[in-house]
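Worksheet: the structure to be examined is printed underneath.
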Amino acid sequence: MNEDLKVNLSGLPRDYLDAGAAENVSAAVSSQVPVVEPEPELVVNPWDIVLCTSGTLISCENAIVVLIIFHNPSLRAPMFLLIGSLALADLLAGVGLIINFVFAYLLQSEATKLVTIGLIVASFSASVCSLLAITVDRYLSLYYALTYHSERTVTFTYVMLVMLWGTSICLGLLPVMGWNCLRDESTCSVVRPLTKNNAAILSVSFLFMFALMLQLYIQICKIVMRHAHQIALQHHFLATSHYVTTRKGVSTLAIILGTFAACWMPFTLYSLIADYTYPSMYTYATLLPATYNSIINPVIYAFRNQEIQKALCLICCGCIPSSLSQRARSPSDV
């Protein structure tokens with residue numbers, strides 16, 4: 001009697017209470033049964049696919065240059081050592097982009113992030129430093145034309161290679177050694193886990209090297225124009241021929257420097273003004289052209305070289321075309 005009174009105090013009909021009790025029992029039983037939730041689908045960022053594709057193309061293209069220089073004992077001059085250094089750096093950069101894609105979607109951990117970003121920073125730094133070293137070598141080959149082919153030049157080349165690779169490796173080790181933003185996201189740059197200060201140092205270093213390359217290429221242009229004028233006087237060339245040769249040399253240098261600036265300048269400036277709060281789309285949009293520089297480098301510095309063209313023709317068809325064997329080097333080939 002008391003139980004009925006207690007139940008009816010709720011003001012609910014008896015039938016409703018019985019139905020509610022049944023629902024509570026079924027809910028209690030169902031709560032004890034483990035619920036298997038569907039696994040989330042793996043969503044791949046299209047930008048990452050484009051970067052991975054770019055890395056694959058970079059790796060394949062530069063691997064050809066590295067193999068050609070490595071398997072040809074005749075390609076051991078300082079110029080070819082620097083071109084090989086550039087190709088090796090770009091090859092590692094391409095491999096780093098591929099590894100970054102694999103680790104990002106298959107093996108996510110802090111250690112893999114640090115190793116991947118360290119490899120990418122080191123390889124791209126070595127690529128830019130190799131471009132600067134090639135510029136220095138071209139300037140010395142023109143300014144000190146009589147004493148360029150000597151042991152002193154070879155020694156200086158090896159010193160440049162040790163310095164540029166040592167500096168690049170040190171820059172790549174900074175995130176691994178603790179200079180990263182994994183513990184403090186507010187210090188992140190546009191490329192996680194690089195810190196804002198780390199990205200700023202890399203950007204300022206790039207601007208400094210670009211300014212140095214610009215100054216060296218201006219001096220190279222002056223030397224090329226002077227050499228072309230001297231050759232024209234010695235061989236009694238027409239003024240139009242001298243003009244065409246000089247214009248070709250200047251346009252070649254403009255293409256080299258303009259391509260370098262167009263590829264790297266957007267990402268460099270963006271890294272200086274932006275941080276982790278900016279949309280990632282802007283980072284991808286500026287980083288992708290920087291990777292294109294590693295695709296263009298073999299075309300500009302390797303495949304345009306006569307000796308590498310001859311070696312490539314020997315590998316592909318087993319012969320050297322007469323157009324290559326009879327072609328003479330001109331002042332515009334800088």
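Heads up, the Cβ atoms here are built off N, Cα and C, so glycines get one too.
Please treat TrEMBL annotations as automatic predictions, because they have not gone through curation.
According to TrEMBL, the protein has these features:
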type	residues	note
DOMAIN	61-301	domain 'G-protein coupled receptors family 1 profile'
TRANSMEM	47-70	transmembrane segment
TRANSMEM	82-108	transmembrane segment
TRANSMEM	114-136	transmembrane segment
TRANSMEM	156-179	transmembrane segment
TRANSMEM	199-218	transmembrane segment
TRANSMEM	250-270	transmembrane segment
TRANSMEM	282-303	transmembrane segment
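Take the transmembrane segment (282-303) and the stretches 47-70, 82-108, 156-179, 199-218: counting Cβ pairs under 8 Å, 47-70 has the most. Per-residue pLDDT, averaged along the domain 'G-protein coupled receptors family 1 profile' (61-301), amounts to 87 for this model. If you count C-beta pairs under 8 angstroms between the transmembrane segment (47-70) and each of 82-108, 199-218, 250-270, the highest count goes to 82-108.
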